[in-house]
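Database features, via Swiss-Prot:
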BINDING   R37, G38, R69, D88, D89, L90, V91, D92, S93, G94, D95, T96  5-phospho-alpha-D-ribose 1-diphosphate binding site
BINDING   R69, D92, S93, G94, D95, T96, W134, I135  GMP binding site
BINDING   D89  Mg(2+) binding site
BINDING   D92, I135  guanine binding site
BINDING   D92, I135  xanthine binding site
Amino acid sequence: MANKFVITWDNMQMYTRQLAEQLLPAEQWKGILAVSRGGLVPAAILARELNIRYVDTVCISSYDHDHQRDMTVVKAMEGDGEGFIIIDDLVDSGDTAVKLRQMYPKGKLVTVCAKPAGIDLVDAYVVDIPQDTWIEQPWDMAVTYVDPICKK
């Protein structure tokens, strides 16, 4: 994908706090189910903002940095998801979301970002992303020194 959307750590916190506002009142939730790995950071932020202490993971592998591949469920939580926020960083093609809906039909599936192909599969999200755009997450990047333009 030629187009990129960069999310900084500050943006991730801001977007996830906006998502938390959509999930009030906090007392309705038994816990948070983070989709590993993309949902881990948003889950920590949601846990803080909603004062939720019970956090579990569902581990689904479908990407190698910037390439989608076959989906594998590595670890799953028991139950149908009732009373749980299921959080991932992004809904893209919707393949992971479909799997999560099958596994946890009573959970509230939310993402920080959503692309058009998967948007109808989530209950809440914050940022619209064009389908042809790759998202660079803060945990995949580092701040580095760049020479001034005049030195090139």
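Glycine too: its Cβ is placed from the backbone N, Cα and C atoms.
Feature annotations (Swiss-Prot) mapped to structure.
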residue	record	CB count, 10 Å
R37	5-phospho-alpha-D-ribose 1-diphosphate binding site	16
D89	5-phospho-alpha-D-ribose 1-diphosphate binding site	24
V91	5-phospho-alpha-D-ribose 1-diphosphate binding site	27
D92	GMP binding site	24
S93	5-phospho-alpha-D-ribose 1-diphosphate binding site	14
G94	GMP binding site	18
D95	5-phospho-alpha-D-ribose 1-diphosphate binding site	17
T96	GMP binding site	26
W134	GMP binding site	14
I135	GMP binding site	20
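Reported as a whole number, the C-alpha separation between I135 (GMP binding site) and D89 (5-phospho-alpha-D-ribose 1-diphosphate binding site) equals 10 Å. Cα separation, R37 (5-phospho-alpha-D-ribose 1-diphosphate binding site) to W134 (GMP binding site), rounded: 17 Å. In the three-state DSSP scheme, V91 (5-phospho-alpha-D-ribose 1-diphosphate binding site) falls into the strand class.
Here the C-alpha separation of D89 (5-phospho-alpha-D-ribose 1-diphosphate binding site) and T96 (GMP binding site) works out to 11 Å.
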